[in-house]
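**Q** There's a structure below that I have some questions on.
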Amino acid sequence: MEWFFYVTAALAGLLAGSFLNVVIYRGPSMWGLIEESDGADRGTLLAPRSYCPQCRTRLSPLHLIPLASYLALRGRCAACGAAIPPRYPLVELAGALAALGALALFGASPEALLAAIFLWSLIALAAIDFETGFLPDALTLPLLLFGLLANVGDRFVPLEAAAVGAAAGYAAFGLIALAYAALRGREGLGAGDAKLLAAIGAWGGWPALAPAVFVGALATLAVVGVRAVMGKRVDAAAPIAFGPGLCLGGAAAFLGSAAG
Ligand SMILES: [Zn+2]
């Protein structure tokens, strides 16, 4: 019977990833963080049905199938041939991996579903920060609250550790951002990073904070190193978002502390 749960988790994860792609594409415009160059509206999370951003052709149900449609179409819009960003299949794949990881760690349980929701939220936040440079309050703040609620009854970590984690995460990042701005003479870390770390603390408790920041910094430095090797600019004028790294660190720290 165990294979049945894993197949179900993988399919649910692909579908969740498909929905995350809608959030990643439409959220920033819906929340007023970015504006289309042509002033067009990207719609809400529920309407209209998914379309090609290039030619605006509505996708057929067959082309909404996660991952498989990308492979069948060889990464191009069926109507106009425009390249589909690799972010779509990557997010769908990440959604499936998150569901499988949650199931492997927590078994078929409410904990697995909650953990998957946390990981899916981090995927959306990482992709949005990568594409727009924003970590929307519309995602970080509900994630923080939901983390505290999830830990009522000491589900993943003791509720006190979660509350301290949320407060300390926000305060610590605020201090780091202030120190960074004082040292560099410019802002490098946004308020969104502080709210994200607060949410990570709410889910994984205060012991998850240091590992999350550490892994996040390592991942971000690795990206900076790769960019330097590839000959891209890495100076202060071309800032690299810390959010994606912090999401990765938060996922690792949460899974480490909650499953420990
Ligand atoms: Zn098209």
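Backbone N, Cα and C define each Cβ position, glycine as well.
TrEMBL does not curate its annotations; it predicts them automatically.
Pulled these from TrEMBL:
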| type | residues | note |
| --- | --- | --- |
| DOMAIN | 12-102 | domain 'Prepilin peptidase A24 N-terminal' |
| DOMAIN | 117-223 | domain 'Prepilin type IV endopeptidase peptidase' |
| TRANSMEM | 6-25 | transmembrane segment |
| TRANSMEM | 97-128 | transmembrane segment |
| TRANSMEM | 134-152 | transmembrane segment |
| TRANSMEM | 159-183 | transmembrane segment |
| TRANSMEM | 203-224 | transmembrane segment |
| TRANSMEM | 236-259 | transmembrane segment |
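For each feature listed, report its degree of burial, its nearest neighbours and the pertinent distances within the displayed model.
**A** As a whole-number mean, the pLDDT of the domain 'Prepilin peptidase A24 N-terminal' (12-102) in this prediction is 91.
A Cβ distance under 8 Å defines the sequence-distant neighbours of the transmembrane segment (97-128), meaning residues of its chain 6+ beyond its ends; these are 5-6, 9-10, 12-13, 16-17, 20, 23-24, 27-28, 87, 91, 134-136, 139-140, 143, 146-147, 150, 155-156, 196, 203, 243-244, 247-248, 250-251, 254-255, 258-259.
Sequence-remote contacts of a segment are chain residues at least 6 beyond its ends whose Cβ falls under 8 Å from one of its Cβ atoms, and for the transmembrane segment (159-183) they are 144, 147-148, 151-153, 189-191, 193-195, 197-209, 213.
Sequence-distant contacts of the transmembrane segment (203-224) (same chain, six or more residues past either end, CB-CB distance under 8 Å): 118, 143, 147, 150-151, 156-158, 161-162, 164-165, 168-169, 172, 197, 234, 240, 242, 244-250, 252-254, 256-258.
Counting only same-chain residues 6+ beyond the ends of the transmembrane segment (236-259), those with a CB under 8 A from a CB of the stretch are 98, 101, 105-106, 111, 115, 118-119, 122-123, 125-127, 129-130, 133, 135, 156-157, 184, 186, 188-189, 192-193, 196-197, 199-200, 203-205, 207-209, 211-220, 223-224, 227.
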